Ligand SMILES: *Cc1c(COP(=O)(O)O)cnc(C)c1O
């Protein structure tokens, strides 16, 4: 058995070749996962492909650094350089979203929501949020989650016919229940939230407004979706969905709540910050501030619109009749399949996606997103082809020249590799 010493670490090179020599078992898994991601169509709405620059920051020695606290006020020594990295991340986030304050430490979107509640609420407080059957997230009152255990959630929904938010109904629930906070955000609502309307309702009943913009925040960065920052008391977000950064969370708020939000993250809900992830967030915010990202965000939406239209033409029922975002919610029942069967058939063809609850009852739908395929460089033409794959996979028909849908998928993604070299 070999003992790893400092000398043997410093003497070894880094990267996949070194890992392969030291730990072939894990190296093989990493490479096989890269192959899986590159050889199928990644339509999971919450996923994306981070840039090599983001991956470099994630795999950097900043991963070694302990840094409890905030820049200039840490509990550990040696934080001078990671302090600079965190300040850069905070300044870039503030500039990108026009926020007075940003906290980039939450380890995930759920940690960000937990901290937002901790900053504004006490256990037992009433919270009005989108009900889980209509697209609320686990952190919006699921009994299996801290949120449902510690707070008294009231769920609002969407109109079951149109799939659209009914603000008058939200207002009635707010007036009846007088919640301490109202949460607007969803895992599957494909339309823009009207943050001004939610602000008005919150003001009418004296509630805080928390925007959980985990999904659309990347579109906000690219100017392709409305910005919740001017309306919400606290905005919760992830950095790994359309925003295309590392897996993690973020909070945005005004100066007056800054201290409460910071204390709710550390020391209330987290210990040491993950400095490699924070550096990677800074890199992603830098990328998101470029004209190329603005073009990307608009292309993500244009692609989702074409995908929704073409799936409708294939016979799928599209919730809300379309989309304003990267999300498309498609019900395969008109084609004679439930969502689970459809997901299985599509998985066999190399198309990876999720199912989600549908507004109108027991049946589930397919939830897809265009963030990852758009990062790969695909456009409207490819979206139309992808919709064709859906139809062919479910109908069991073959593609032209007798090729299987799996072969067609492989051929398409080969032309749009997420990573080269
Ligand atoms: C993704 C998501 C979250 C949670 O993010 P994690 O990083 O998975 O914890 C929270 N809220 C909403 C609305 C989301 O879409």
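Even glycines carry a Cβ here, placed using N, Cα and C.
The structure displayed is predicted, hence computed values, not measured ones.
Per TrEMBL, the features are as follows:
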type	residues	note
BINDING	132, 136, 137, 138, 255	(6S)-5,6,7,8-tetrahydrofolate binding site
DOMAIN	20-389	domain 'Serine hydroxymethyltransferase-like'
MOD_RES	241	N6-(pyridoxal phosphate)lysine
SITE	240	site 'Plays an important role in substrate specificity'
Contacting recorded positions for ligand 1, chosen from 136, 138, 240, 255 when the Cβ sits under 6 angstroms of any of its atoms: none
Surrounding CB atoms that lie within 10 Å of the CB of residue 137 ((6S)-5,6,7,8-tetrahydrofolate binding site), all protein chains: 24
Cβ-Cβ distance under 8 Å to residue 132 ((6S)-5,6,7,8-tetrahydrofolate binding site), same chain, at least six residues away: 138, 140, 141, 142, 155, 357
Local Cβ density at residue 255 ((6S)-5,6,7,8-tetrahydrofolate binding site) - other Cβ atoms counted within 10 Å: 9
CB contacts for residue 240 (site 'Plays an important role in substrate specificity') [other CB atoms within 10 A, all chains]: 26
Alpha-carbon distance [residue 136 ((6S)-5,6,7,8-tetrahydrofolate binding site); residue 240 (site 'Plays an important role in substrate specificity')] in Å: 19
Candidate nearest the residue listed as 'N6-(pyridoxal phosphate)lysine' in space, where candidates are the binding-site residues 136, 137, 255 and distance is Cα-Cα: 137
Least buried by Cβ count (within 10 Å) of the recorded positions 136, 138, 241: 138
DSSP-derived class (H/G/I helix, E/B strand, else coil) of residue 240 (site 'Plays an important role in substrate specificity'): coil
Where the record names 132, 136, 137, 138, 255 as binding (6S)-5,6,7,8-tetrahydrofolate, the maximum Cα to Cα distance in Å: 32
